[in-house]
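Single-structure report; data block below.
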Amino acid sequence: KIIVNRLARKVEVDSIVVPLPFSSQELSIEDSGSMYVITTPAGLIIKWSHLTGIIDIHFGFRFNLSSYTEGLCGICNEDPDDDLRMQNGTIITNMEDIGLFIESWEIEKSFEVTMRRPVRNCTEHDCSQCIDLLNRRIFIPCHDKVSPEDFCEKMWINYTYFWNYECDALSAYVALCNKFDICIQWRTPDYCSLSCPEGKEYQPCVRPCEARTCLNQWFYGHSSCLNLREDCACKDGTILHRPHSTQCIPEKECACTDSEDQPRTAGEIWNGGIDECALYKCLENGSVIPIEPDCDEEPTPVCEREAEVVMGIIDKWTCCSKEVCGCDATLCEPTIPTCTNGEKLIVGHSPLSCCPQYKCECDPLKCPSISTPECREDQFMIQVQQEEPCCFSPFCVCESCTKPVPLCHDGEFLTVDLNSTHFCCPQYYCVCEPNLCPMPLLNCAEDMNLVKENVFGQCCPTWHCEKDDVCVFQEVSVLNPGQSMIKYLEEDFCYTIECLEEKDNHTGFHTLNFTLVNCSKKCDVHQVYTPSPSDYDCCGTCKNVSCKFHMENGTSVVYVVGSTWHYNCTTYECVKTDEGAIILNYTMVCPPFNETECKMNEGIVKLYNEGCCKICKREERICQKVIIKSVIRKQDCMSQSLINVASCDGKCPSATIYNINIGSHLRFCKCCRENGVRNLSVPLYCSGNGTEIMYTLQEPIDCTCQWN
């Protein structure tokens, strides 16, 4: 049994890894550095790409139909009916059972098998995702050879793996394009990129089947494959060390290869021994020779650490013996302490000694388990030492109180919030009790009153003596704050007297405010003066008896009550109210109108509603003779100017009438056509020979509606 593991780059024969090339009973397997090339006894050549995993099968020169083949590729005998033969000889005829055929040829199952069931097509199922992918500009050069529709129909729609992995689907499409020598550079660093091993770089179109290696560098002939392919190639200046390796090295390092299959440069010396020293050297001609170590005598080191002695060792790189300082544990005399309960013995090392250092450290695992209390939000947990010095128990303690106890003022007493007494810091606050406030000690004069004034944020009120809360005018009239009165003077003048909220510090009463008002007022032409009916207003007002309308040009017009007028598509009306005449307006509303559509349908735009609205009027144009100016051409001859040529244009009547006698519609239709013609001679200038000819055409004498 032969297993080719592409990902691990190894070939097993009967569970034993064999080197390549391998050959047995006309079966050969070789690694070209870029692909496995497998030649079967039947003459089939199978090329399996290392990078993409695409398998390419060719018929070799030795292939013939008499050679027996079997397996997933079927029996190559030009008979498709026996291609689905299982390993036990049974032939599958129902496509629903194709899974049994695949499983019969399966080796040790180490992964999930995806079965292809060709029962879908793009007619009944959605292939738009696949078509959109392949219709990108980068894939257009291949469409003539591999159409997107065929690929999506035969591969994508029946291979559900492609639905979720579009990069693999595109890789399969590009592989088909490569068979026609069409190079498509479709991968980018950000889209479907392929990672190559260190030292290699991705190339979208490679033709040589065999990679250039240290083994074939002198006779490498760029062996060509039948088709292009994607591959990872060594960077410029480097070649592949071995076909089965992924290591790219400079050509100068190809001189030698050691027993571990590692490259060595000319002049390089290395230790090739496993358990003992064996120095080898690479010569310019690629030969590997054993050499003796070249050792220099070194002074004996001075060992200063405790229990450190001089030892002899062999350097694995130079194969030379040398003396170094090493630890001899037999020289140590350790002092091991006795640990108590809750402690454990710790072994440490000091840079000044080879001997171990022993000490006892606390071991929390040896302490008795104690349940952890749940601390409140205003508490935090501390560890309190128990009787054993190494063991601690958790304990909840209070946070420090940041808010001080408030200081209460007159009329207040200190109390605590009962909902906070269980906390570390209870909430204290002062409560106002008016009965605790002291009595006022003021004695007011006879014309003054004792007044209490509550102060915001203060429990007890303040007391003071003040006069009545009024205004006094001329020691006779009394006004409350906010009230006013009028005092008339001669002519058109008067003044108002208002009692303010502010106090007059001189009198103790509220302050009076005096305002002088000139009531002389000139009313407009559409207004009349009306005296004030109120005892609190000095002056009267101008009242509208008609309406004054201002226009956009700056002029104005006066309208009497009851008048209506139109201006800028708005109707105005002068209306009488209790406050005087006012102007009401009503905006005209026009139905929707499409002026462009009207003109396209040969309509005429008309205005109505005082020119504010538009309507489309269509006028029928009857059949008539019209004159058309045009240039007359005949081959290479044409008129030198526009010629007036008569034509017929216009509409004629037509109708469809149901005839009850025959049980169907009769159609009547007249056409606008000529009513007699006449000849019209036109001179034409011919550019070919430079001559002038007379050309005769016909034009209608008159036009009428006539039956067809």
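Each position is counted from 1, following the chain as shown.
The backbone N, Cα and C atoms fix where each Cβ goes, glycine too.
From a predicted model like this one, the values you see are computed outputs, not experimental measurements.
For 1-113, the entry in Swiss-Prot reads domain 'VWFD'.
The feature N-linked glycosylation site is assigned by Swiss-Prot to ASN553. Sequence-distant neighbours of ASN553 (N-linked glycosylation site) (same chain, 6+ residues apart, CB-CB distance under 8 A): none.
According to Swiss-Prot, the disulfide bond annotation covers CYS616-CYS672 (among others), on the basis of similarity to another entry. Around the Cβ of CYS616 (disulfide bond), a 10 Å sphere holds 16 further Cβ atoms from the protein chains shown.
The domain 'CTCK' annotation in Swiss-Prot covers 616-708 and rests on sequence analysis.
The Cβ of CYS637 (disulfide bond) lies under 8 Å from the Cβ of LEU684, TYR685, CYS686, SER687, GLY688, ILE693, TYR695, each on the same chain and at least six residues away in sequence. DSSP assigns CYS637 (disulfide bond) to a strand segment in the three-state reduction. If you look up Swiss-Prot, you'll see CYS637-CYS686 (among others) marked as disulfide bond.
In this structure, CYS648 (disulfide bond) is part of a beta strand by DSSP. Cβ neighbours within 10 Å of CYS648 (disulfide bond), excluding its own Cβ and spanning all shown chains: 20. Feature annotation from Swiss-Prot assigns disulfide bond to CYS648-CYS703 (among others); the stated evidence is similarity to another entry.
Secondary structure at CYS705 (disulfide bond), taken from DSSP and collapsed to helix, strand or coil, is strand. Marked as disulfide bond by Swiss-Prot: CYS652-CYS705 (among others).
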Worksheet entry | Cβ neighbour count (within 10 Å, all chains shown) around CYS703 (disulfide bond) | 22
Worksheet, complete the sentence: Expressed in Å to no decimal places, the gap between the Cα atoms of CYS648 (disulfide bond) and CYS672 (disulfide bond) is 6
Worksheet item: Per DSSP, to which secondary structure element type does CYS672 (disulfide bond) belong, with helix, strand and coil as the options?
Response: strand
Discussion item. If I restrict to non-local contacts, at least six residues apart, and a C-beta distance under 8 angstroms, what lies near CYS705 (disulfide bond) in its own chain?
Written reply: ILE622, CYS623, CYS652, PRO653, LYS670, CYS671, CYS672
Discussion item. Quick check on the domain 'VWFD' (1-113): DSSP residue counts for helix, strand, coil, in that order please.
Written reply: 13 helix, 37 strand, 63 coil
Practice prompt. Round to the nearest Å and give the CA-to-CA distance linking CYS616 (disulfide bond) with CYS703 (disulfide bond).
Written response: 29
Worksheet entry | Densest Cβ neighbourhood among CYS652, CYS672, CYS686 (disulfide-bonded residues), 10 Å radius | CYS672
Worksheet, complete the sentence: Taking every residue in the domain 'VWFD' (1-113), the average pLDDT works out to 75
